[in-house]
Amino acid sequence: MKANRDFGRDGGPFSITPNRFQPKSSGNPIFRQKTIRTVGIIALTLVLFLFFHRSFFSSFGEFPSFSSTANAPNSDVQEYDLRKVMNAKFTGDYSPKEKVLICAPLRNAAEHLNMFFGHMNNLTYPHELIDLAFLISDTDDNTLEVLKQHLDAIQNDEDESKHFNNVLIMLKDFGAIFGQEFSDRHGFAAQGPRRKLMARARNWLLSAAIQPYHSWVYWRDVDVETAPNTILEDLMRHDKDIIVPNVYRPLPDWLGNEQPYDLNSWAESETALQLADTLGEDDVIVEGYAEYATWRPHLAYLRDPNGDPSVEMPLDGIGGVSIMSKAKVHLEGCEFPAFSFEKHAETEGFGKMAKRMGFSVYGLPHYVIWHIYEPSDDDKRIMAEMERERKEREAAELEEAKKYQTAGFTQPDDQGAEEGPLAHADDHVD
């Protein structure tokens, strides 16, 4: 049949002749053996070269180093024992070399940086164990330039013990619409949105700066006027997950000399819990305002000037002027809520969240640091009124002096005789 012819094995268009594959001649066997031996030697040489020269790979970005030690030079693999971080505890001994991350959010802070770096320069905790991190946001002054000047001076100080381990500067705007005047920052209407925005800034700063080797995180406002040089050690010694000092501010004599500044450190009250139940989902309770009467015990109002500075008070909410936190608190996911968490945000929400997660939160009612004095609008009105009264009083005194001068000093009469109440003061009767 033609089918066999067309598709069979008898020479048709699809036939294969011969029917069995015949390999080409194998050639000279001696030549083939030499070739195999040469290729083998080249391959072995290449393997040995790569084995003894691992750095060959490191010159190419796509080839990672094979080193697994944290301290190996030029290593891309780093190893950290987080058990040390989780068990951070300061007992006065610096030998464990527990590193501290100091975080400072900045906004139009140029005028305060000289004071801030004066404090940083005098810290007694070893500077080689301290990292500094700054986030500059929504700023229209020369904060960045002034910051760099101070950092350049301190990091190039002849005394190397003044040098900090590492410094990080970040710039990120958040669209802040609130001014930096005292009343702008502390007005009731601004508190909820402002706290949420500040929480975002803190979280950006924290997440970008914290490292696996940090044992502690210390938050510090740059406008603190007075604080002990030993503040890091003082707060660490209490061995709390989160701890804050009391914060006051000085006042002019006519305002009473001093005043509690940070009312955001408090213990919860039943009244406040009931108030929270009446608020909307996004509402935020803020302290120190008549609109929210919480009747909470405030750390600031429990201060005794002669009290023991080591006395501790358990807290639920905390202020943000000065916070010492173990790094594990942040590493386990506790940050600053930029939303209403149990009707609180930012640092107060941070305290609430930490308590919910089982961390210890404390304050020191008799251990005080001092914030700068910034006059509020009410203070400015009082000062303006006092200035007006002072000028009126001076004008009245000047007018009275003129009247006294007119009445008290004598004037000569037409004949040269003195007239007036002093004219005959020296007369005497024989």
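Just so it is clear, glycine is given a Cβ too, placed from its N, Cα and C backbone atoms.
For 1-37, the entry in Swiss-Prot reads topological domain 'Cytoplasmic', with the evidence type sequence analysis. If you look up Swiss-Prot, you'll see 1-28, 387-430 marked as region 'Disordered'. According to Swiss-Prot, the feature compositional bias 'Polar residues' maps to 16-28. Summarising the annotation, Swiss-Prot assigns transmembrane segment to 38-57. Feature annotation from Swiss-Prot assigns topological domain 'Lumenal' to 58-430. Swiss-Prot lists Asn122 with the feature N-linked glycosylation site, giving sequence analysis as the kind of evidence. The annotation compositional bias 'Basic and acidic residues' is assigned in Swiss-Prot to 387-403.
Neighbour count (other Cβ atoms within 10 Å of the Cβ, all protein chains): 12 for the residue listed as 'N-linked glycosylation site'. Helix, strand and coil counts under DSSP for the compositional bias 'Basic and acidic residues' (387-403) come to 17 helix, 0 strand, 0 coil. Annotation note: Asn122 (N-linked glycosylation site) sits in a coil segment as assigned by DSSP.
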